[in-house]
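Enquirer: Have a look at this one before I ask anything.
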Amino acid sequence: MAWHFRRVIAEQVSRVLGLPSESCSRVAQCIQTVPVHRKHESPDFQLFMTSLSEGGPNGTFSNQEERAEQLAGKLVCDSVISDIGTTRGSVTFKINRDLLTRNVLQQISKDGSLYGLNTELFSELSRRKTIVEYSSPNIAKKFHVGHLRSTIIGNFIANLKQAVGNEVVRINYLGDWGLQFGLLGAGFSSFGSKEKLLANPLQHLFEVYVKVNTAAEKDNGIKLSAQEFLRRLEGGDPHALSLWMHFRDISIQEYAKIYKRLGAHFDDYSGESFYKEKSQEVLKQLESKGLLLKTDKGTVIDLSEEGNLSSYSTVMRSDGTSLYITRDMAAAVDRMERYNFDEMIYVTDKSQKNHFQQLFKILKIMGKDQADRCQHVPFGLVQGMKTRRGEVVFLEDVLDEARSRMLQNMAASETSKQLDDPSDTAEKIGIAALIVQDFKGQLVSDYHFDWDQALQSTGDTGVFLQYTHARLHSLQALRCPRDTEDFEIASLREPCVIATLQHLLRYDEVIYKCLEDLQPRYLVTYLLSLGHLANVAHRTLQVKGSSSEAAHARLLFFKNVQMVLGNGMKLLGITPVNNM
């Protein structure tokens, strides 16, 4: 909604400055929002004179102040703009407070879950077909903490793209092929147990993998057996394929339990195995174009600009078996043909940056136009994530720990309510804590995880967001708001209400910024600020004991704040709780 008011201001500024009508959009982009204050009113928008200068800032500070005074003197207040002022070389604008209140509350009530997504800001965005590949664990291995980041980041990006109207395909590209599976397949006959596999599938397969890796370091024969098992797999050996399929099926069944806890889902479970044959077709295409070179270590493709192999990628081992990048090439080509996507986003840790740079370059060399539509979203490492028992290895341990700690905190709290399912509520709050802690900074940055900090109910945490949402929801039990077209604006003129409405006005711009950068931190910061503003308003505004008209207006206000807070939390992948 903020863009609408920017445009109204920009139209008047453009007229006064004698600018052509096509300049209005550029002027609107120069108009900035003013930081919201919780306890006193501030203007809504600000236009710095330097931003209107062609080629950037010019002139002295006093010149800019004088220009601001001159421009402000020519502008007039109207039904939209109630006050025009100047400060530090800029012109400030205050929106008519009654108009702001009525427009924001009515728009939220009308749009519901779509609030902020139907504004002018998004009107010119084309609806696209988006593929998001994320999570992508290696089968027969338990989730580790890195999979938490890939899963929740990918889920957020997919949610965001879907929210703005894109057709989104969520792909879980399983690591279900390659030499590591050769090791597991060869090692299961020596270290595996059908009984243990049935009792705790992923834990037992992990134990087998550790044992066979340790043994392979001392016995080269085991490495050779692993290579032989992989060759048998790629050759279609029935016994090897049967064992592989069994491990794959039970892995997906176990992963589904984790995804359910995280609120993640996928449209397509594919994997490297799907492309073992297609990868050979891709290699033939490259060979027919004279792009492959054979070396002692395998077959490579030259990626250097000079053609001197200063940069290259190995696409086939010397024994003829395929590599991870070969299967990724085949997967990308297949998706281009199958989905005809507008963009494909890969979400992995930053250590794979070079891999994706090579992949996209190879696709370009192959003449695939959609290579330019591929993007890698890298993320950093989580450090210091431990349970009470010690260093965490598996994601399941982290989720259990979050639930356990929240149950303890809820039991110790004097304000906790009687809940139908305390464990489920604790799980949702704990996962909110993990997501907010993860999303606060730049995704590519490493960060140190702190349980005590993440689970605070009063700081900038997921627990605080859940607490605020539940608190706002509890107000609705007092009285049901009536028709949103008719409410007493005079009961909503306190500075804390205006500050909250100013913040709600800017929701669409925050979503747009997230869409530009694919970074959730903007939305996290916005929601935390909204939570603090809502709590100030909750302490200030009286509902009980006020007149029917005042109570109705204030309950409508709180209901709409709760709706936007909940909408934003859902975009992040958080399930809001109504009681805690």
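Glycine is treated like the rest: Cβ placed from N, Cα and C.
Fair warning: this is a prediction, and the values are worked out from it, not measured in the lab.
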Enquirer: Quick check on the annotation: Swiss-Prot has SER136, PRO137, ASN138, HIS147, TYR324, ASP328 binding L-arginine, so which of GLN162, GLN352 does it put in that site too?
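Expert: It is GLN352, as the record lists it for that site.
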Enquirer: Which whole number of Å gives the largest C-alpha distance between any two of SER136, PRO137, ASN138, HIS147, TYR324, ASP328, GLN352, the residues noted as binding L-arginine?
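Expert: Farthest-apart Cα atoms in SER136, PRO137, ASN138, HIS147, TYR324, ASP328, GLN352 are separated by 19 Å.
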Enquirer: Take the Cβ of ASP328 (L-arginine binding site) and count every other Cβ within 10 Å, whichever protein chain it belongs to.
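Expert: So the Cβ neighbour count for ASP328 (L-arginine binding site) comes to 23.
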Enquirer: Going along the chain, which residues at least six beyond the ends of the transit peptide (1-16) come within the CB cut-off of under 8 Å?
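Expert: The answer is 23-25, 27-28, 31, 33, 44-45, 47, 71, 74-76, 78, 80-81, 93, 95, 103-104, 107, 116, 119-121, 505-509.
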Enquirer: May I ask you to report the DSSP-based helix, strand or coil state of PRO137 (L-arginine binding site)?
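Expert: Note: PRO137 (L-arginine binding site) is coil by DSSP, not helix or strand.
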Enquirer: Tally the residues of the transit peptide (1-16) by DSSP class, grouping H, G and I as helix, E and B as strand, and everything else as coil.
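Expert: Looking at the transit peptide (1-16) with DSSP, the answer is 15 helix, 0 strand, 1 coil.
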Enquirer: Return the count of C-beta atoms lying within 10 angstroms of the C-beta of HIS147 (L-arginine binding site), excluding that atom itself.
Expert: 22
